[in-house]
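Below is one structure; the comments refer to it alone.
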Amino acid sequence: MARPLCTLLLLMATLAGALASSSKEENRIIPGGIYDADLNDEWVQRALHFAISEYNKATEDEYYRRPLQVLRAREQTFGGVNYFFDVEVGRTICTKSQPNLDTCAFHEQPELQKKQLCSFEIYEVPWEDRMSLVNSRCQEA
């Protein structure tokens, strides 16, 4: 009787030690949690590009806008991926009908820059090749 009890106690002590050593904050991953996204990640870049594309479709401005700076990028995985972006957007010198809009220079004159701070939420289901703009909010910077 003592031997099974000792084995059980040893197993529990080993498990407790393993849990304690892996419970550091940086090692915790909570399913459905929101985490900082890697801006170098191809999927994150696709979602950001989609957000800016949808933003440009919705604006009545003839000039194309693109990110000046990504202030924050986060992601959440559950039944797909939610991406959350906080972006400073600037007005370029290119009209929306021009090719290669991603390399357009920004307006230098302050009255033409029209900078905005925008928050975008993108939902993607990669295995269905589906992406949608869930929420978009912008204000003058």
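A Cβ is built for glycine as well, from the same backbone N, Cα and C atoms used for every other residue.
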Annotated range (Swiss-Prot: motif 'Secondary area of contact') out of 76-80, 126-130, 136-140:
76-80
Pick from Cys104, Cys118: the cysteine that Swiss-Prot pairs with Cys94 in a disulfide bond.
Cys104
Using DSSP, how many residues of the motif 'Secondary area of contact' (76-80) fall into helix, strand and coil, respectively?
0 helix, 2 strand, 3 coil
If you count the C-beta atoms lying within 10 Å of each candidate's C-beta, which of the recorded positions Gly32, Cys94, Cys104, Cys138 ends up with the smallest number?
Gly32
Secondary structure at Cys118 (disulfide bond) (DSSP, helix/strand/coil)?
strand
Could you find out if DSSP has Cys138 (disulfide bond) as helix, strand or coil?
strand
